[in-house]
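J.: First the structure, then my questions, so here it is.
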């Protein structure tokens, strides 16, 4: 009955992203376009970085274990830097897009703000990253077997699903942080995003010591969430008002 | 992104260990029954349990808490008793048998006690007291396992290393702890061997014809077992015309195929190889005799394929002879000599079996002739002796000829009554069974050349047979010059039993056939695609041993109809590779002229489209898509359900949370005081 594992892991990994998509992105065609373009940008960055890694691996001796491990670490770090570079490129593209949208609009205002674009771009990056992390695992989760015959941990599927979920969230928040940093020339925000990304990717080398990779990633996600919330116009009072209103069951305002 | 494993292994390699060196048990069908094994279409999975003694079976049949089980059975327990118990329960999802080393000492034969019963000559109309092995049980060790129908897959584990991997996995995860069951994760195995054909040949051939008639992309479900018989004559005959009815032939016959419980595992050392190798050596010895062309009768050396399955080859040849589709007719056959299982002689005795019924009906001189030749065998270490008067013929191709016409004949064997072969038609009928032993430390070339005692013993038999044939054909001179060569025999035994890919076989085959010489142990199963390796090799060995090298170029050799004086109807020309030049990598090919030909060995039941025939063999083999085996760990159901529940909970929670956040977005994200900026 490993259909159960398949659906369980799918929901864990993509459930939050799916609900974000459904409620905040799906209704607006412009946001869908930005989402898909963002996903594409992430895909191109992965393609280029994997090309470099592949060439490096083929050019080296496959039997040299420390060298292969070193090449892998190099590949991961290079990929992280390339992803962030493509995020910057996407930012530039979206800036140009806003100018075009303003020119096309009737009232001189763009129908979508750069902050909203940042959020959608982040979700796009996250979804594509999650897909590449998770899809091949899900395909194998359908079979009758589970990981472990060579001594690996049995919780492989579960931890991979949780890691994917946290990474999708992280990409969303990093999108907001990064664009805000580019927009307002706050270079430390950009540096912080890059450093956080490197830290999360680096922590996965602790696997299968899953506590070494999942825990720091969730901690970083919490930090990034709070930071992104603050930058998006949130505050502690708003949060309190939201929670109290939710508890008193007031009728919801029309969503933006 | 991130990489989830250090060496970049695919996830599948983390989960599954494929078992590569396995042989499945497949489904065969005849007119009325299906035999063999079947798995579900997406494979059968079960928790592994290692059964090394009878008591271990209780866990599987009653006590074990995680049915169904996949059993890893020790080869010594692979008997009828255990299999009956496994058949009767639903707690077994499959079986993997590890080959027993050394061979089981009490013998092992999954064949029938009475092989090819009902398709020989003895029936209620002819010698009823001999029918159905009433007087002599030929294969007393036979359990009939091969002819039973199992609804779970059974695989043979040929590699001891793989068996060890499975046992290790079992030790690590599946061993019961203190009476209670083992804990998850458990080691499990999955076997895929889904067969497409069901019920019987009648059903599957009918379905084939429906598919062929109505479907754009017809799916055949079964194929008849077919191949080619190899035959050759001492004096060349015109194969495109019918032979003069007054010409007399002596027919020498052996079978060249065998079978076992598992598909394409048929070493057949004693049941097939010993006999046809002796036959080939006798043919070589006869061709070397000086006055061969003066003999008044011709000799036809025939190698029948498919005899294991109700005499496919011989019944087809008899049919062709009756219907005038073969150059010879039954009237041309003066006498018949067959060699069955000759390697396990007790002492020096070679037994001559004759048919008691036709002996009573007709006065035959064959014994006298054979008896006369006993004298000529003095000097050779073989004593020809007749079996008792009231014993029937053993299962042999001769019986099919007797069904059609009373022909005098003998069947030569090493057993007086029941088979000496205790591994008849099993995977244990290996070179060890015919006592082939090589000293340690020989290179493959040296092993090829080394003359074993088995080869010497078979050479004695071949010498006696050749001399007897010479006498039967009317030869009058002294026969002491006719000697079979033990060197040729030992090379043939090596090539047909140990390794086909040796230098001698490589030098005698056509250049485009060198792919058939593999490095694995040779198997002699008749199969459904033809000709099989064995047939090709018998053809080319016979051509090499009995043919002559002619000085033709490659073009002339490949196109004999254009070459003058080639006499294409009388001879067969083959352009063979030749041996390797000692200092170079190229070969010196040459042209061989011989009288070797192939004749189709497909049961007449398929020619006549009588799928339910009881007269001719109706054996077919089912088709299948994939056959493979793998082992892996399975997780407990609880863990799987927990994963699903957690997933659903996260999905529901995130849907609810996102809905509320979205609904109250203007509360959560306050509008900045700058009027130009845009809010969420």
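Cβ atoms here come from the backbone N, Cα and C positions, even for glycine.
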J.: Which range, A:71-90, A:91-110, does TrEMBL list as transmembrane segment?
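T.: Spelled out, TrEMBL records transmembrane segment over residues A:71-90, not the other listed ranges.
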J.: Considering pairs 6 or more residues apart, do the transmembrane segment (A:32-56) and the transmembrane segment (A:186-205) have at least three CB pairs under 8 Å?
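T.: Contact absent: fewer than 3 Cβ pairs fall under 8 Å.
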J.: Can you work out which residues elsewhere in the same chain, 6+ from the ends of the transmembrane segment (A:211-231), have a Cβ less than 8 Å from its Cβ atoms?
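T.: Distal contacts: 159, 162-163, 166-167, 169-170, 172-174, 176-177, 180, 196, 199-200, 203-205.
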J.: Pairs 6 or more apart in sequence, C-beta under 8 angstroms, 3 or more of them: is that satisfied by the transmembrane segment (A:117-135) and the transmembrane segment (A:186-205)?
T.: no
J.: Examine the transmembrane segment (A:6-25) against the transmembrane segment (A:186-205) and state whether at least 3 Cβ pairs sit under 8 A, considering only residue pairs 6 or more apart.
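T.: No, the transmembrane segment (A:6-25) does not contact the transmembrane segment (A:186-205).
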J.: Go through the chain and flag residues at least 6 beyond the ends of the transmembrane segment (A:71-90) whose CB is under 8 A from any CB in it; none is fine as an answer.
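T.: Long-range Cβ neighbours of the transmembrane segment (A:71-90): 37-38, 41-42, 44-46, 48-50, 52-53, 56-57, 60, 121, 125, 174-175, 178, 182, 190, 193-194, 197-198, 201-202, 205.
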